[in-house]
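Undergrad: Below you'll find the structure I mean.
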């Protein structure tokens, strides 16, 4: 994701001034991204952070360390890291009391419209059985995906029902009216596919979003960076705020 973020940020006219990673130390970030030299060597020391906005796609432990530095230095943040624990999310909320933070499990504009469509469907079809199915590449660490979990939260909120998540099914039991089934498949190089089923008697609606490369995620994150650059009020924001939906 870092390569794409550098590439898309430069394409959109942003000035990339720093790049952090645990590999490629000292190499030019532009050359790594395949766009030629931009005069920005990769560093592994986030304590050197000095910019207006930072975009982070990493792992939870690295994200939390970076956000502490952001809070200390007043740097605005766009965070796309998934697999965060509840304690980590709570700490991010605290940090967002000091600086503006855009946090989203998925920065794709299409996925955010997908979530918006789910709101309407869940509100109108609250008596239908709702199930979530997602597929990702074999190297994805967290399951279910952050996108699937957010879809589930959207269904719960919009339906107005006290629904619980059931992660896969086995054994002998009947489906409860108070649950949302969630299923994760891992294999190959699938970038990301999410389908939500609204299943009634005699009919079914399926809403699917497919991503065939990571460009949509990167472009959405760069869009969020451009938006939050103009935000002065500390707070925890989402792509709904960025897109005005």
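Each Cβ is built from the backbone N, Cα and C atoms, and glycine gets one as well.
As annotated in TrEMBL:
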{"type": "ACT_SITE", "residues": "136", "note": "active site, proton donor/acceptor"}
{"type": "ACT_SITE", "residues": "140", "note": "active site, proton donor"}
{"type": "BINDING", "residues": "80, 81, 82, 104, 105, 106, 107", "note": "NAD(+) binding site"}
{"type": "BINDING", "residues": "137, 146, 147", "note": "(S)-2,3,4,5-tetrahydrodipicolinate binding site"}
{"type": "DOMAIN", "residues": "1-107", "note": "domain 'Dihydrodipicolinate reductase N-terminal'"}
{"type": "DOMAIN", "residues": "110-243", "note": "domain 'Dihydrodipicolinate reductase C-terminal'"}
Undergrad: Can you tell me how far the Cα of residue 81 (NAD(+) binding site) sits from the Cα of residue 137 ((S)-2,3,4,5-tetrahydrodipicolinate binding site), in Å?
TA: 16
Undergrad: Which residue counts does DSSP give the domain 'Dihydrodipicolinate reductase C-terminal' (110-243) for helix, strand and coil?
TA: 48 helix, 39 strand, 47 coil
Undergrad: Beyond 80, 81, 82, 104, 105, 106, 107, what residues of that chain have CB atoms within 8 A of the centre of the NAD(+) site's CB atoms?
TA: 57, 79, 103, 146, 147, 217
Undergrad: Hey, what's the Cβ neighbour count for residue 82 (NAD(+) binding site) at 10 Å?
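TA: Taking all protein chains shown, residue 82 (NAD(+) binding site) has 20 Cβ neighbours within 10 Å.
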Undergrad: Out of 136, 137, 140, 146, which of these recorded positions is nearest residue 104 (NAD(+) binding site) by C-alpha distance?
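TA: It is 146, whose Cα lies nearest.
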Undergrad: Centre the Cβ atoms of 137, 146, 147, go out 8 Å, and tell me which other residues of that chain have a Cβ in range of the (S)-2,3,4,5-tetrahydrodipicolinate site.
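TA: Apart from 137, 146, 147, the close residues are 82, 105, 106, 134, 136, 140, 142, 145, 148, 192.
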Undergrad: Quick check for the class: what is the C-alpha distance, in angstrom and rounded, between residue 147 ((S)-2,3,4,5-tetrahydrodipicolinate binding site) and residue 105 (NAD(+) binding site)?
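TA: Between the alpha carbons of residue 147 ((S)-2,3,4,5-tetrahydrodipicolinate binding site) and residue 105 (NAD(+) binding site) there are 6 Å.
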Undergrad: Which residues, sitting 6 or more apart from the residue listed as 'active site, proton donor/acceptor' on the same chain, put a CB under 8 Å from its CB?
TA: 143, 145, 184, 185, 186, 190, 191, 192, 193
Undergrad: Listing them in sequence order, which of the recorded positions 137, 140, 146 have their Cα within 10 Å of that of residue 105 (NAD(+) binding site)?
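TA: So the list is 146.
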Undergrad: If you measure from the Cα of residue 80 (NAD(+) binding site), which of the recorded positions 137, 140, 146 is the nearest?
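TA: Result for residue 80 (NAD(+) binding site): the nearest of the recorded positions is 146.
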Undergrad: Given a separation of at least six residues and a C-beta threshold under 8 Å, show me what packs close to residue 107 (NAD(+) binding site) in the same chain.
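TA: In sequence order, 78, 80, 216, 217, 218, 219, 220, 221, 223, 224, 239 meet the Cβ cut-off.
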Undergrad: Across the whole of the domain 'Dihydrodipicolinate reductase N-terminal' (1-107), what does the mean pLDDT come to? Round it, please.
TA: 96
Undergrad: Please list, in sequence order, the residues in the chain of the residue listed as 'active site, proton donor' that are at least six apart in sequence and whose C-beta is under 8 Å away from its C-beta.
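TA: Counting only residues 6 or more apart in sequence, the Cβ neighbours of the residue listed as 'active site, proton donor' under 8 Å are 186.
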